[in-house]
Each structure stands twice: as C-alpha cells, then as structure tokens.
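These come from Swiss-Prot:
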SIGNAL    1-19  signal peptide
DOMAIN    45-495  domain 'Sema'
DISULFID  C141-C150  disulfide bond
DISULFID  C288-C330  disulfide bond
DOMAIN    551-605  domain 'TSP type-1 1'
DISULFID  C618-C655  disulfide bond
DISULFID  C622-C661  disulfide bond
DOMAIN    664-713  domain 'TSP type-1 3'
DISULFID  C676-C707  disulfide bond
DISULFID  C680-C712  disulfide bond
DISULFID  C691-C697  disulfide bond
DOMAIN    795-850  domain 'TSP type-1 5'
DISULFID  C807-C844  disulfide bond
DISULFID  C811-C849  disulfide bond
DISULFID  C822-C834  disulfide bond
DISULFID  C864-C901  disulfide bond
DISULFID  C868-C906  disulfide bond
Amino acid sequence: MVVPGPLALSLLLSSLTLLVSHLSSSQDIASESSSEQQMCTRREHPIVAFEDLKPWVFNFTYPGVRDFSQLALDPSRNQLIVGARNYLFRLSLANVSLLQATEWASSEDTRRSCQSKGKTEEECQNYVRVLIVSGRKVFMCGTNAFSPVCSSRQVGNLSRTIEKINGVARCPYDPRHNSTAVISSQGELYAATVIDFSGRDPAIYRSLGSGPPLRTAQYNSKWLNEPNFVAAFDIGLFAYFFLRENAVEHDCGRTVYSRVARVCKNDVGGRFLLEDTWTTFMKARLNCSRPGEVPFYYNELQSAFHLPEQDLIYGVFTTNVNSIAASAVCAFNLSAISKAFNGPFRYQENPRAAWLPIANPIPNFQCGTLPETGPNENLTERSLQDAQRLFLMSEAVQPVTPEPCVTQDSVRFSHLVVDLVQAKDTLYHVLYIGTESGTILKALSTASRSLRGCYLEELHVLPPGRLEPLRSLRILHSARALFVGLSDRVLRVPLERCSAYHSQGACLGARDPYCGWDGKRQLCSTLEDSSNMSLWIQNITTCPVRNVTRDGGFGPWSPWKPCEHLDGDNSGSCLCRARSCDSPRPRCGGLECLGPSIHIANCSRNGAWTAWSSWAQCSTSCGIGFQVRQRSCSNPAPRHGGRICVGKSREERFCNENTPCPVPIFWASWGSWSKCSNNCGGGVQSRRRSCENGNSCPGCGVEFKTCNPEACPEVRRNTPWTPWLPVNVTQGGARQEQRFRFTCRAPLPDPHGLQFGKRRTETRTCPADGTGACDTDALVEDLLRSGSTSPHTLNGGWATWGPWSSCSRDCELGFRVRKRTCTNPEPRNGGLPCVGDAAEYQDCNPQACPVRGAWSCWTAWSQCSASCGGGHYQRTRSCTSPAPSPGEDICLGLHTEEALCSTQACPEGWSLWSEWGVCTEDGAQSRSRSCEELLPGPGACVGNSSQSRPCPYSEIPVILPASSVEETTSCGGFNLIHLIVTGVSCFLVSGLLTLAVYLSCQHCQRQSQESTLVHPATPNHLHYKGGGTPKNEKYTPMEFKTLNKNNLIPDDRANFYPLQQTNVYTTTYYPSPLNKPSFRPEASPGQRCFPNS
C-alpha cells in the first residue's frame, strides 16, 4: 500500500510525539523512584507524635490568660511559679494543677495612658518579664502597660504584696524587648534591659543591694550596641551576662555577634570618672562555628544554660534571621571564658581607626575586696581611664570542642536545658532543645565521634497543624521533668519514658541513657529502678534510627460527579466519587490502603410493579358492590430519574350482583322506662326496643338502670286485741282473763320478707265478789252453769304439723309454710282454745339464680392500623351483660369485627410506620418512619416522618407515689375540709419563707456595705468610676527623669523615685474542692397521693 507524502509525514510526526512523551514519563517515574529509594535509605531520628506523647503530659490552662513566658521553680515547696499576661499562678510540680491564681493587671488609667501614646490594646497589658524566687519571697516585674512596676510577694501567697517598687531599669517597657535578671546571694538584683520608653537606652543595672546602684555607660554604643539580652548567672565573684548585639568591631556592613559580659559584684563605681558606672565591665565574643578553611559561624545566641557541676555554659546559636535557617549547640568552659577576659583587649583609637589588639594592663584580674578607707580609694585616674576605654576583649571564647555539640539545618533553635544522666558506663549530658516550630529535640552531648550530634528523639508537644515557638523551658533534675511554657498553657513533660518500651529490642534500640533492660524483671527501667545493676543492660554505641516504613492512607473523597452504569440491556446515570491512597502514600515497603477507592451511589433505576394483591372484601354484604385489588410500583421503585411503571395501580370489579338485600333491619325507638321494681332500697328500671324486620340488629334490645337507691323505712303493724278469754276459773267464781295481739315489722318492700314479732299477752284478775269490772262475767256464769250440769270440760289441743309447702321462689331466698289445727281435741264444754301459732314460716332456696350470658354493646371502631398500603379497623364486645354463671350458656357470636381501611398506596421512599410507642406522662403516643432514599428527589418522602396521637384511656400511664399501694388508700378520704386546711397552711408557710428571705437579704446588704468601707466592691475595677477617692490615688505619681551617668537611679527603698501610676490591682482565686452533695430522690420530703376516682 502506497502512502501519500503529506500523510506519511503526519504519521511520522505523531509517532515521534508519542515516543518523546513516553520517554519523558519514563524518566519522571525513574526520577521519582530514585528519590523515594534515597528517602528509604536515609537515617532520621525517631519522632514521638503528639498523640503518643499525650498520655505522659500534664497541662495547665486558664480561661482568657495567655503568654505563659516566665517559669520559676520552687522545689522546696513543691510548686512552680508562673508569670503570664495579667496573672500570676502557683502550680503543683507533680502535675501542674492549680494551687493559686492571682490577677495582676494594669489599671484602667494606666492602659488609657498607654494607648494615648500610640500603643495597641494588646501591648498595653501587664506582661511579666522578671520572676525570681529568693528565699521566702518572689521578686517579679511586669511591663504594666509601658509603665514598668516590680513587687516582692510571699512565695506561699502571691496575693500578699510585701513591697512594691519602680520597675524602670529592671524590666523593659515593651514586652517584645529581650531582658534578663538575676538576684545574687547578697540579695542584689542584676538586670539587663532597656530603661527608656523608646528602647534606645540599654543597660546592665544593679540595685536593691547594699552596694551603690551602677549601670553601663549611657548612649555609648561601644559598650552595648542594640543588644538582645539572653541570660544572666551569678558565678563566684562575677555576674555574667549573655547577649547578642551588633558588632562594633566589624568593618564591613552590619553583623551580629554573640557576647559574654561580666562585672564584679563588689564594684562600687568610679570617682569623678565613671561615677555611678561599672568600672569592671568587660565583654568577649563567643565563637560557635563549624571549623574549616572558611568557618561557618552561628553568630546569634538564643539561649544559655549553666551547668554548675561541670563549670560549663551551654549555648544555642542560630544563623541570621535573613539567611538560611541553621542552628547549633556549643559548650564553653568557665576557664575558657576567664582566659579570654585575661587576654588582650581590642581598642579603637578614634572613629576612623581600626580596632587593634592592646595588652591587658591587669592580665590576671580578680575582683578585689573593698578597703576599709572607702569604696573607691584604690581607683586611680589611670585605672578609671583604662576601664572606660578597654572593655572589649581581642580573643573570642572558644568552645570545649572544635565542632558544635549538635547542629541542625533548616531548623531554628530557641531554648535549651541540660540534664546529667549517669548511665551504666559513663556520665552523659542530655540536651533538651526547644525549636521555633514548637518541638523539643532530645540530643546527646558526648566526646564520642560516633555519637556526636546524636538526636535521641523529637517530642511533638503541639497537636498536628499547630506551629508556634516555645515561650519558656525549665528543667527539674530531681523530678526528671521538663516544664514548657506556651502561649496558652503550661506543660509538664517527663525526661524519660522507659516503661513505654515493651521489648528488649525497643528498649536498647532507643539508645536512651535513662533506660536499660532489666534482665531479672524483663522490663525496661531506669538504673535507679533496676533490681540488679549487673543484670541491667544498655547499648549506647550508635544513634537511634527512625523506621521510615510508612503504610498508605486514603485522602479525602473527591466531590460527587455524574457517571454512567450498564446493567445488561439497561443503562443509567449514577453519582460517583473517588479517593487516592496518598495521605500518606505507602513508602519503603509500607502497606497499601485498605478499602474501596471508588464510591457509587444514587444510580437511576426503572420502576416495576409488584404482584396484584388479593381481592378485598365486597364493599356491600348484599346488593351490588365492588371489590378492589392493588399493586405498587415498588419492585423496585423508580429512583434518581428512572422510568415509572406503566399501567394501573388499582383494579375494581362488581360483586354481589345476585344477592339482593333483605328488608332493612333497624331498631325501633326506645320505649318508656318501666316502673321501678322497688319503691325503696334500690330497684331496677328497664326499657326496651324492638328490632324491626328481623331479629339480628347489632346491639342490645334492653337497657337497665338503677332507681330508688334510698333505704326503705321500717314499717310496724299491730293486730287488734283478741277478746278477753277466762283462764284458771275457780269454783268460787274467781278467775284470770287474757287477751292477745301480734306485732309485724317489714324492713324491705318485699312482702315475703315480713318477720313476725313477739306475741303480747295481757292478763287481768276478776274477783268473785264482782268488785272488778269484767265484761266476761256472764260468760263465766255460763261456764259455771255448764260445769255444774256437765262437769267434763275439754280444752283444745294442737294436731300434728302438716307438711311444708313448696318454696315461694326457685332461687335468691324464698319461704315455705306449714300449718296445724286445734283439733286434737277441739275445745268443748267451755274448754280453752289452743295456745300457740297455727302456722310456721321457713327460708328456702338461698342460692343465686343462674345467669345466662349476654353480649355487651359494640365498642366504637378503632383508628386505622396504617395510614397507607392497606390497614384495618377493629371493634370488640364482651360477654359481660351479664356474664354467664358457671355451667350456664355462654354468648354466641363473634367478639371482634374488622374492616379494611387506608387502601391507597403509600408515598414513595418511606419505610413502614413503626408500632405505636408507649404512652408518655403527657398522655400521647408516637410512631415514626424513615426515608429509604439516599438522595431523595422532589417527589420522594413527602410528608412527616413522625406522628403522634392521644393515648387510649386504658393506656394512659398513672404515676404512682413512692410508697406502697396499700398506703394510697389512706388518701381516699381527702375532702373539701382537707383542701381548705392545706391551702391555708401553704399560704402561711410561704409568707414566713418570704419574710425570712427578705430579712436575710437585708442582713447581707448591710454586711456588704460595711465591707466596702475597707475593700470597695465594684463590678469591674478596671472600669470603676465611683464618686469617692479611687484606690489608685493613694500612690504618689511618678516624675519621669532622664537616666544618664550623672542622674542614675538610686535604690528605691530610699524613695528617690516614687512610682508613677502604679495602679495595679491584684485579685486572688483559690480553687476550692467540689463538695456539692449529690441529689437523692429518697431525700425529697413529702408524699404524693392520688385519690381514687
């Protein structure tokens, strides 16, 4: 096949482009692989992450307080004194817990004056810059809104001020100025700071002691040239000051040198020349550099630490702030410092001349003793002239080793403390170096070449992503603890964590001088804690190396994006997102990320019908009705743009076409109430209704109600008296006569309940002489006559009782009767009639009548069991109107009826409703449902996700009292009288309580008014503008004076410089223990009763 020329040229160019791009990508991959290989072979020191260090660290914070820059250790009292912005704290050395907090803020007038001079509100605060524990006192100085002030306070109670003095020349005005101070064993304060508002007059100043106040020469840049003071130490006969300043002896450009300066502590100043000025001031350069043909100097001193046991001064040095970041630690012997000060001076004859070496007139200078004749009798004019012009040493102070102890590129060191550790074979100097990024480097200082510059670990005391320099760093050797001051907190970090290494390999691999493997106990411990020194193993021969193997981690998910998916013949759209295994990437054999890297959701889905439901019951029981069946488009439901189902979701058909309805059956109206069954004592009324056109009407045809509940009165009835009947007639005509009557009483309206009372008999005597008025005399005469004619008189006698009659009722207590006649014999010839009752009555059939069961009325239809998708109504009745007695017939028929409801389809996206929950105390029930859509569309999940309803009466919870159920019965007798008594009692008690509260408030107010006479209480003393004399007016205003060699600051105790606007208030907070009693329900007084309803 022949290819035309232009086409061949185009294909050739395309091939070359692909080849070049392939080669370029191959080179990039090879370069990346090579750099990663170099990273895996690089040796780095171990790093202790913030989360790993956190369990070992104690921290202290205080709301609204910042700049924890001054830390002072007080081991004898087991406390740490902390100076921050506007506050002083006493903390426990064990766990930095708060012992005391004292506010030390500037007054409102002082701050307002500061801001009027152009300073910001942030600058116009009281920043503590001097904090020294001296015996039983704490000496402290603060900037006090550019009006420095100092005070001495009790070391055990910071709120108690012993003495307050001027802070000028002892503390800087500006909190950003570096300063340092030390108190000697004689109680003299040596301060190195700037002593004017603008910060242009630096000085090393002595005060407060028995000697005269002295300072460096004022406005003489050869003595101090824009210095930054770093540290001050009281060593022997000298006071040493470490600083960095612009080098006056450097001829080309501006260069910063690090210096050490010293003065004799018994210096008394000059006479006529150098009056009130140091006569023993000297300074020398500190050399910290990498040796070589062209040395690399670390010129700027940042921190210094004195190790008195070894007569060593350790210093942290960095490069210039505008150059490449690099840091080093160098150590200097005090003998090397003395050697430099005993060497030649460097002197400049005039400003145009060079700085040249000049011999030391006193090569072995020592601070002499003060003669008895006077403090400056031995100072000659020549010696004062030499002291004025010869102060800069020609030779620099050389470090202990030619190379720095530790160096680090790309990092700036800021603080340093040193600990001496006795290992198994030698004594190690362990350096703890603070960095400007907020980490602490733990390093070894040793003469061994294999361990030179050896970093043991790097401690991350700040959480990831937070970078800030350390404000202060202190070490407590006895407790083996570091105390770190940050902008918002104080930390206590242990010097060693030997128990964190759980294996021998990890313990020995840490190369930590504190730690070794205890072979007897098989654990990592310190030398002091080892059980047997001979079995305690250490291996500090090389530096520890961090394991650079790193497992991969997923990065964040990308935003959701639309994507396509294929499912057989169907296709649709989805939302997709992805993440990469790059946070971090697996490195140096680390594991790949575990888990999905792609997430797919909300894929579109076409809807499909479910199967038809079964036909519902016919809508009518007779006559033409209809039946319904349904289906829903939820198998599956359409989602995220999928097609909806095509067709009907509901079908209907006729039913009962051939079942005509019978004549309507209905209840007729109720009839009138019947007469009450009893006139009293409780009866029953009834009324009836009839079921028209049938006998199957729902409900009851009879209703009953009680009537005439009042008790029946007892009715008594007496029978008439019988005629008088003679008894015991004598032959002489004397006799006794009797008559009878009976009493009946009926306590019930039922006549069968009548009871016969006692028979009552009356007797009278009729004498024979006729003196008595007896109506039966003729009858007696007849009897006598008949007796005389017929002597056989026959009295009547009862026949036997007849049988008992049948019971008057079949049940519920009837009665029966039996009778007898007076025929055995009948009374004749004037015989007496039978005495006694002719009839007897007896109770019978006391058992209850049998009861046949009958249905109660139907309850109302219940609520529908579902709001959609098909539910049911329900109603019930019970066989309790009346309930059947044992052995009798039960009710026939159904006790429950149900009907369909809510047959419409449910809204798309919702799950089924949950069951109704339990009733709350408010008498409500609730249920819920959830949306099953991940990203619901506009038509999905419409409606509420929860429903509530009033509880059925039978389910409303009743809150019972705490006492037992039996106790509640005692409240059943609660009536209106009890309610009135309770109300009156509550009113009286509330009145007494109100009176007591009012009297208590009046008493507290009087106490508060009395206390304000001594300590005025104001809402905010910084803004208090009361009408009386302010508290700050008790202090004498300060008259500002220019400080020069002829006008020095005398001792403040002579009151030469009264303080200006020292309106500094202190407020003390003591943390109180939490002794609040816990709430106990059983201690709640009273008892709640619920009367029976």
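Glycine is no exception: its Cβ is also placed from the backbone N, Cα and C atoms.
Keep in mind that what you see is a predicted model, and the values were worked out from it rather than measured.
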Residue from C807, C811, C844 whose C-alpha is spatially nearest that of C661 (disulfide bond), among the disulfide-bonded residues: C811
Distant-in-sequence Cβ neighbours of C691 (disulfide bond), under 8 Å, six or more positions away: I665, F666, W667, A668, C697, G701
10 Å Cα neighbourhood of C707 (disulfide bond): matching disulfide-bonded residues from C288, C680, C807, C811, C844: C680
Residue among the disulfide-bonded residues C141, C622, C655, C661, C849 whose Cβ has the most other Cβ atoms within 10 Å: C141
Of the disulfide-bonded residues listed as C150, C680, C807, C844, the one whose CA lies nearest the CA of C864 (disulfide bond): C680
From C141, C150, C330, C655, C811: disulfide-bonded residues whose CA lies within 10 A of C844 (disulfide bond): C811
Greatest C-beta neighbour count within 10 angstroms, which of the disulfide-bonded residues C330, C676, C697, C807, C901: C330
Neighbour tally for C864 (disulfide bond), based on other Cβ positions within 10 Å of its Cβ: 17
Pairwise CA distance, C680 (disulfide bond) versus C330 (disulfide bond), rounded so that it is a whole Å: 120
C622 (disulfide bond) to C655 (disulfide bond) - Cα separation in whole Å: 9
Residue among disulfide-bonded residues C330, C676, C822, C901 with Cα closest to the Cα of C655 (disulfide bond): C901
Cα distance (Å, whole number) from C141 (disulfide bond) to C288 (disulfide bond): 33
Entries of C330, C822, C849, C901 which, being disulfide-bonded residues, have CA atoms within 10 angstroms of C868 (disulfide bond): C901
